[in-house]
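> Can you read through this structure? Questions will come right after.
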Amino acid sequence: MRVYQYSEAAFFTAMVLNMLSVFYEETQDKRQLALLSMLIKGLSWHCDYLIVTGKAVVVYDAYGALLLPSRYVQWSCTTPTMLFTISKISDFNDAEVAFTMAADFVMIVTGFVSAMTPPGVMSVVFVNTSFIAFYIVLYQLYRMLASAMSEASSAHARNGLNITLVSSAVIWHLFPLGWCLARMGPSVEWLGEPLQLTANFGAKVVFSSCILYNNYVTLQQRRVQAQLAQEHADRIRMVADLQSSLRHKDEFISVIGHELRTPLNAVIKLSSAIAGNFGVPAYSARHRLWMETITCSARHLLGIINDIITMKAARSGIHLKQELVHMGAAVAHVLRVLTPMAQRDVVVEKIVAKTLPPIVADERRVIQVLSNILSNALKFTEHGKVCVRVRMDKANRHVVVKVQDTGCGIPKDDVDALMQPFRQADMTVRRKYGGTGLGLSIAQQLVHTHHGTITLESAVGSGTTVVVTLPVLQPQTVDALQAPFAAEYAAAGLSYEALVSPAAAAARGERPPVFVPADAVQVGGGAGGGGCGGRAPVRTPQETPRSSLDRARAPHGCSGGGGSSAA
């Protein structure tokens, strides 16, 4: 009787601890697991309580061994609960869980019936059935724990599950061993009941505690893994949606750009032709002004469309043509086109170094860069001066173009944002001066594609300074340009040998420029990356696509020529 009292006290203590956990655990998962553990300990305590108080039914079975029907009732409730709890951390489906619990029920029922059946054929059948069901349950228990171990993300969790697996194999085998010893005769039957009490305590307290702990840990890991998997799937879906949206946007821009450019070119040409025939007396000066306004407005709109198409091209790679570009002539051309858009009180000044070698670049793109920068300077300068300086750097390896104005200036906090597409200092500026906010962004991408740099400094009320630095040679230059470039570089009084010397480049920590055939040249983003879409093939003059900078070559009288993309 004392043994049952010890067992009762142990189960009661474990039940109280689990009851406290139900109230004090932080998460719903822990509370549910503590409630299940409390149920298991409570049933076991109640069974021992009935025995200790003399209220339990105690009989002797057909073999003369002590038989407690309440214990079988307890087992029929507690072991399925433990199996169900373990199934939560495994990959078992509902059918497998139901099969395991049915086998457990068969094991208990046939074990009870075999004890009540006199020795004979039927007793052997029931005993064998009970043992077969027992090993089925034990095998399913092993599969549950093995699947949980395969999915455990930490060594700590795997070790805990290993301990549970080993302890379950030991503890569960004590039940049939005690049952058999109690029915093997007077010499060993005294071991049966203590062994079953030990197994009962181990299964309900030690084993169920391990199950609950591993259940909680594994459920947490599975929840985290499921959450991470869902987040990863969401990110993949979001990236796919964004890529699809960007692709559709680029396709739309490409289609709508070409659809708009075609009628605009017709409007420009026809209005220019009509304006040129206004010598006919029937037309008045007012009609001529109207036609010129139509022409300039159409050119302005065409400039905006070209800028948008250029931004779209920058995403997939800008096609470059390598040729000798004289920066002094390029600046003069852009100023000749854009100076008419300057305010009356603005002086446009050009300072070009006397000895200035050519650079290897795409002249059309260089003119586009200069047009975007100068159109901004002229647009936002209402009085004062716009000064353009062109010179070589100290190492005679770069041409530096500095555009300085005395315009309204830009807040320092907004300087970096202006290099992003469709950005201006604020919306009041866009409403006052117009523009798409693409000018500086396009200029930056084109400069980076030429392996150059562009910087912007500004302050409110102090004007803006933009400095563009372009290398005289590209990292890979078309070999057909080597001889003419070397001749003009030397004619400017500079040392061509020092420019291409590997030793001089190594001293600067750089690679010397190389000359390669046109089909072997690869041009990538420059020092700043520029986001120009990676590598783009270099085109020879015959292969270069038709210029999209029609506005840079507009007639002098059209003030909308270069400023459509002002930032």
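Using N, Cα and C of the backbone, Cβ positions are placed for all residues, glycine too.
TrEMBL labels come from automatic prediction, so no person has curated them.
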> Check each of the ranges 160-179, 320-339, 480-499 against TrEMBL and return the one annotated as transmembrane segment.
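Range annotated as transmembrane segment by TrEMBL: 160-179.
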> Can you tell me the mean pLDDT for the domain 'Histidine kinase' (255-474)?
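Mean pLDDT, the domain 'Histidine kinase' (255-474): 80.
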> How about long-range neighbours of the transmembrane segment (121-139): same chain, 6 or more residues beyond its ends, C-beta under 8 Å?
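Tertiary neighbours of the transmembrane segment (121-139) are 62, 79, 83, 100, 103-104, 106-107, 110-111, 113-114, 168-169, 172, 175-176.
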